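Copied over from TrEMBL, here are the features:
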type	residues	note
SIGNAL	1-22	signal peptide
DOMAIN	23-316	domain 'Plant heme peroxidase family profile'
DISULFID	Cys33-Cys113	disulfide bond
BINDING	Asp65, Val68, Gly70, Asp72, Ser74, Glu86	Ca(2+) 1 binding site
DISULFID	Cys66-Cys71	disulfide bond
DISULFID	Cys119-Cys312	disulfide bond
BINDING	Thr192, Asp236, Thr239, Asp244	Ca(2+) 2 binding site
DISULFID	Cys198-Cys223	disulfide bond
Amino acid sequence: MASKIPIVTLLIVMLSCHAANAQLSPNFYASSCPNLQTIVRNAMSRAVNRETRIGASILRLFFHDCFVNGCDGSILLDDTATFTGEKNAVPNRNSARGFEVIDTIKTNVEAACSATVSCADILALAARDGVALLGGPTWQVPLGRRDARTASQSAANNQIPSPFANLATLTSSFAAKGLSTRDLTALSGGHTIGLARCTTFRGRIYNDTNIDANFAATRRANCPASGGDNNLAPLDIQTPTRFDNDYFRNLVARRGLLHSDQELFNGGSQDALVRTYSNNPATFSADFAAAMVRMGNISPLTGTQGEIRRNCRVVN
């Protein structure tokens, strides 16, 4: 019997490590809100048809939510006279967008199943659907997150990875959230869709040397050395509204828009994986979907923690 004790101990440790995530299940609302996924998908389909960019915007909201105290819907909370949220943190100010789409989905979900589905779960589903609607993979989203009653502007300022970061900094940022370098590289592939502001890539196109000269010249035309901070450029110059593996092809060609993008292919540890993704879209899609589930499992509020917000912008 003695020889079995380590195995039992190991099982207990493994179970306790996964206790929070074990409470999340794709079937969490199967009986309490059976049409949830259809409601979210239909609203996202309408939103993407109106503006393809919104798929990328919602994906980014989810990423910025999960990296600040877990996937708890805290990014959705508005600032008030007595409450400081995360919307005006440096990574979100003048760039986080798509809140109205989440509001619309929440209204539709409340009409079907009031006070049942969290804003955090709605954001997780909307991010998945935005990717799928733009040609990317789909996946089962574990559900059962609850909404935070708090937010942290300081954590948003300090924990959301910067577009100016080097590979070592990116690696440690993701490791702090329990994510591997493979997760980092796969999730960075979310930059196959969406737009970035001039202020986030000015240094790259004027100062970096590991950049294709023609690409830099093209981007400089709409991003002057000073001024034009909010001028936009596609993160993926080839297919900016289609979720595919062209982002990685761009990196191999030294046409990553952000400094942090090109760091993934710059003579370092991720070069081989970037090449793999650039040549094998199926591998990228599978890894991206798996990494999205892992990111969605960061420190969820479950059980009686937090609340189910009635309005995603304010605590109950």
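Note: Cβ is positioned from N, Cα and C throughout, glycine not excepted.
A TrEMBL annotation is a machine prediction, not a hand-curated record.
Recorded features from TrEMBL, shown on the structure.
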{"residue": "Cys33", "record": "disulfide bond", "CB count, 10 Å": "18"}
{"residue": "Asp65", "record": "Ca(2+) 1 binding site", "CB count, 10 Å": "31"}
{"residue": "Cys66", "record": "disulfide bond", "CB count, 10 Å": "29"}
{"residue": "Val68", "record": "Ca(2+) 1 binding site", "CB count, 10 Å": "27"}
{"residue": "Glu86", "record": "Ca(2+) 1 binding site", "CB count, 10 Å": "26"}
{"residue": "Cys113", "record": "disulfide bond", "CB count, 10 Å": "15"}
{"residue": "Cys119", "record": "disulfide bond", "CB count, 10 Å": "30"}
{"residue": "Cys198", "record": "disulfide bond", "CB count, 10 Å": "19"}
{"residue": "Asp236", "record": "Ca(2+) 2 binding site", "CB count, 10 Å": "27"}
{"residue": "Thr239", "record": "Ca(2+) 2 binding site", "CB count, 10 Å": "17"}
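Minimal Cβ crowding within 10 Å, among the binding-site residues Asp72, Asp244, is found at Asp244. Not a single one of the binding-site residues Asp65, Glu86, Thr239, Asp244 has a C-alpha within 10 angstroms of the C-alpha of Cys119 (disulfide bond).
A 10 Å radius around the C-alpha of Asp244 (Ca(2+) 2 binding site) takes in none of the disulfide-bonded residues listed as Cys33, Cys66, Cys71, Cys312. Note on proximity: of the recorded positions Asp65, Thr239, Cys312, the one nearest Cys71 (disulfide bond) is Asp65, by Cα distance.
Across the fold, the C-alpha of Ser74 (Ca(2+) 1 binding site) and the C-alpha of Cys33 (disulfide bond) stand 23 Å from each other. Checking the recorded positions (Cys33, Asp72, Glu86, Cys198, Thr239, Cys312) against Cys66 (disulfide bond) with a 10 Å Cα-Cα cut-off leaves Asp72. Cβ neighbour counts within 10 Å, taken over all protein chains shown, single out Cys71 as the most crowded of the recorded positions Gly70, Cys71, Cys223, Cys312.
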